[in-house]
Amino acid sequence: MAFQDEINRRRTFGIVSHPDAGKTTLTEKLLLFGGAIHIAGAVKSNKIKKGATSDFMEIERQRGISVATSVMGFEYNGYKVNILDTPGHQDFQEDTFRTLTAVDSVIIVIDAAKGVEPQTEKLMNVCRMRKTPVIVFINKMDRPAQDSFTLLDEIEEQLKINVRPLSWPINNGPDFKGVYSIYDRSLKLFDPSIQAIEQGIDFEDISNPELEDHIGDDAETLREELELVEGVYPEFDRANYLEGNLAPVFFGSALYNFGVQELLHAFLEIAPKPQPATAEERVVKPEESGFSGFVFKIHANIDPNHRSRIAFIKICSGTFVRNNVYKHMRLGKNVRISSPTAFMAEQKEIIEKAYPGDIIGVPDNGSFIIGDTITEGEEIHYKGLPSFSPELFRYIENADPMKSKQLHKGVDHLTDEGVAQLFTSQFNGRKIIGTVGQLQFEVIQFRLEHEYGAKCRFEPLQIHKACWIESDNNQALTEFKKRKHQKMAKDKLGRDVFLADSQFILQMAQDEFKDIRFHFTSEF
Ligand code: G4P
């Protein structure tokens, strides 16, 4: 197949939701269509079940699962679909944000009864920041739901995006009869007893009285509501969707596999193929012949005896070929990748070639960190993998003096993996771990002990926010660092970080030092 056709047929996307809205169920149903799995229930939920076991044991269990489900690739109707999994637990949202840097579009799942939830908003903020096109799937229509127009209003207001329904539900809960697909002008009837893929009944003209034969009195309501939909929402405009300004909306029930195929078909037609990627130097198009890609995720192997890791590389341009010599930009040295794996169906397999939009897994023992770029030789450094300013901070101390080397190494590896961020105080040289959630501290402690044989202790540290600082005015920078020397730290890459005690102090510093730029993500 021609290179351009390989690009055109790829769809690389993420499914996100507030926990419990149905992300796992929808993912599973999509995989069933792709023949990637054959039985329902095969995709293990990657959410942390509350109270089941202690949280970090649960995390360990999941790490086993999540290597397998990190990327789920399958072939469907001539398309190559790559679904990137994202962690459900909010303490790992940074992981989710990073994964979103490797997708070309997103499907957001919303619970029809609960509407927009806090996590949905945060995820949408990231999509908006990156102008990622989103499709909304309103799930659980088989249960009592909020009024559809109210839901759409809520999405527009809270997610700050225009919407355009492409299907419309006929009732909900026990009276749910199905949806009318505005996208392909057909009626899809819901029958909870069969869970088969719904066959659409063509209804080009919904004023056709035959509609009554199928849905009785609800036909009239449907006609009225559709008229309202057409009156209120402008025609679906794909360009608008691709720019991230308009979200098409579908209704269904993932559990009953209802509305899922319709979503998949529309998605494949309208969702973007692999998009250009922005590097510091220039914008790189997928069609370019020179291979390039970046590491967006590192996954430690679950076997504690082999400390190998898998680096996940998103291919941005050109064709990746196994065993070719590529350049590792940060290290400035050549690398040869001899056993890259693709994540197809249920198995991981060694691949010879991969194309833009694909993700490859590369066994690694420490040469990659998140954000690394590899290319065929050109100096390119991909952007868009910011570290977010952490919200919780602790000093990390060695609790076993005999194992300080192990601790050092473990902390180094885990922070490379993106489990948390590491800072070193410029004042007292102590190591500080910064996270976005409490669970990450537990993960670090647990994994240091089980994978590195090291013990650590955390000591409380009251910091409101860490921010990266820079300035063109060297004098101001020196003055600032002198004045705040007790609160200055370096990040892993040696950049200056200011640890502000409170919002008030931060504000004061910003007011006083106008020449200094304060950044709340590490990328600027
Ligand atoms: P998540 O990944 O977004 O966290 O959600 P997940 O798919 O795990 O779904 C959360 C719960 O909602 C599950 O029930 C799931 O069966 C249910 N669910 C998902 N889609 C639908 C739907 O369309 N209709 C209905 N009625 N329920 C749906 P659970 O009891 O919490 O989990 P489980 O024990 O059944 O796995």
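Glycine too: its Cβ is placed from the backbone N, Cα and C atoms.
The domain 'Tr-type G' annotation in TrEMBL covers 8-275.
The GTP binding site annotation in TrEMBL covers 17-24, 85-89, 139-142. According to DSSP, ASP20 (GTP binding site) is assigned to coil rather than to any helix or strand.
Around the Cβ of SER17 (GTP binding site), a 10 Å sphere holds 24 further Cβ atoms from the protein chains shown.
Taking a Cβ distance under 6 Å to any atom of ligand 1 as the criterion, the binding-site residues SER17, ASP20, LYS23, THR86, MET141 reduce to SER17, ASP20, LYS23. There are 16 other CB atoms within 10 A of the CB of ASP20 (GTP binding site), with all protein chains counted. In three-state terms derived from DSSP, THR86 (GTP binding site) belongs to neither a helical nor a strand segment and is classed as coil. DSSP assigns MET141 (GTP binding site) to coil in the three-state reduction, placing it in neither a helix nor a strand.
Annotation for MET141 (GTP binding site): same-chain Cβ neighbours under 8 Å, separated by at least 6 residues, are ALA112, PRO169, ASN172, PHE176, VAL179, PHE190, PHE251, GLY252, SER253, PHE258, GLY259.
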